[in-house]
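I have placed the structure first, in the form of structure tokens, so that the comments after it can refer back to it.
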Amino acid sequence: MNACRKKGRLSFFIRAEIEPKNRSGVNSLQYDPCTDRLFTAGRDSIIRVWNTKRSSDPLVHTMEHHADWVTDIVLCCGGKNLISASNDTTVKVWNATKGFCMSTLGTHKDYVRVLAYAQHREEVASAGLDGAIFLWDIRTLTALTPTNNTVETRPLTTNDESTYSLAMNPSGTVIVAGGPYKRIWVWDPRSRSKPFDLRSHTDSIRALAVRPNGEEIISGSSDGTIKIWSLGMQRCTDTIRTHSESVFTLQVNNNWSTVYSAGKDRKIWATDLHNPGHSTLIGEETDPVLKLLLHEGRSQSFLWSATCNTNVSRWLIKHNPTGMCSRSIVDDEQYSYHSENNTDMDHTSIDKFIPMSKCSEFVSNSIPVSLPSNAHNNDNNSSDALSDVFSHDPDHSPLSMDNNNNNNNNNNNNNNNNEQHNSSLSSKPDFVIKGRIFLH
């Protein structure tokens, strides 16, 4: 009897030994000013290290040990070590200089989505979809041996809620976490007291920041708002309605005077925390922005942005006494752009940004930087890229998580106004050069 055999086809992909370009979106960024190195965490499971001073051949090395998306990274121990989180459920500790993996921490039972760093205590917190937060004492890494490859950890509980955002102040006295249940959990890890929660958002909490003194936090949400909270009063003190869609990432400067925000609407805004009703447009990416990273230097400050696409951009932040594009936000009222000068713009250079009403202290000039990319995306693919932003989250469908009816209704007027001004506002870097970094 002849056996019936079914023919099949097996396909496999052999990856290059070193891939000098990002093959997919970048989830997280870290920058070491001492070495001028930028670390990018990719959805292709690779951490890449770039020398931002080299215009040709900027890739220093790759760090390849994860088996799924690298979702977050943190530089610690004075830049000696890099901590990474991944959807492969692990947290890894790397030698940041040489690029080898020192330890794998496999405590989590599900995707690890976010990390937070307490610089003064050298502690890192990790959280994800398993409902647990672990606090790691990175100083014990000095005692690691081949037979004792562990790091001391202290678990915290979050009522089995998935965590999408996490933050700590530098002294490690406050930990805050947010997720799909529209509330923010707050802990004091020293006392092990029961956490309390803050409620005001109407959708998932996507980004968090804690004031260094532990008195305030700032949150960004899929409902499109940014909220400022007083931990002493345990309530929201201000709501910023700059964005028309989900807010994915926040960065706050050292003196807690400006919050930088970005998200699904692709716009990067700077909001004056002393006057939350006024915001400055820093720039606009071609795809939803997943991560911002602020570096404040003595001579200049700049903001890195990473998107669903493979590019990473750098924007220069400098003092501007005349101000520029500003947006007034008062509850749900319509906002408008006010110009005292000619509103025509040279779209090839953000250095010629429209001078606007004198209500802002910041101006952005894009630095012509674009990290190498293997992808060939265009604007038509931006919606497809967005559908992958949280495609690994079982709690939400990627197509439905941002469809908040109340937010859509509240922002209808703002969206219409945006459409009228998009054509006159350029928010792209001067140069977008794929395949290499271009620096002055």
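These residue numbers are counts, starting from 1, taken along the chain as shown.
Cβ coordinates come from backbone N, Cα and C, glycine included.
Keep in mind the model is a prediction, meaning the values are calculated, not measured.
Pulled from TrEMBL, these are the features on record:
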- 19-60: repeat 'WD' (REPEAT)
- 63-104: repeat 'WD' (REPEAT)
- 105-146: repeat 'WD' (REPEAT)
- 156-188: repeat 'WD' (REPEAT)
- 198-239: repeat 'WD' (REPEAT)
- 372-388: compositional bias 'Low complexity' (COMPBIAS)
- 372-429: region 'Disordered' (REGION)
- 403-418: compositional bias 'Low complexity' (COMPBIAS)
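Averaged across the repeat 'WD' (105-146), pLDDT for the predicted model comes to 82. Two recorded stretches are said to be in contact when at least 3 C-beta pairs lie under 8 angstroms, sequence spacing 6 or more; the repeat 'WD' (105-146) and the repeat 'WD' (156-188) meet this definition. Counted with DSSP, the repeat 'WD' (156-188) comes out as 0 helix, 15 strand, 18 coil. Secondary structure of the repeat 'WD' (105-146), assigned with DSSP and counted as helix (H, G, I), strand (E, B) and coil, comes to 6 helix, 21 strand, 15 coil.
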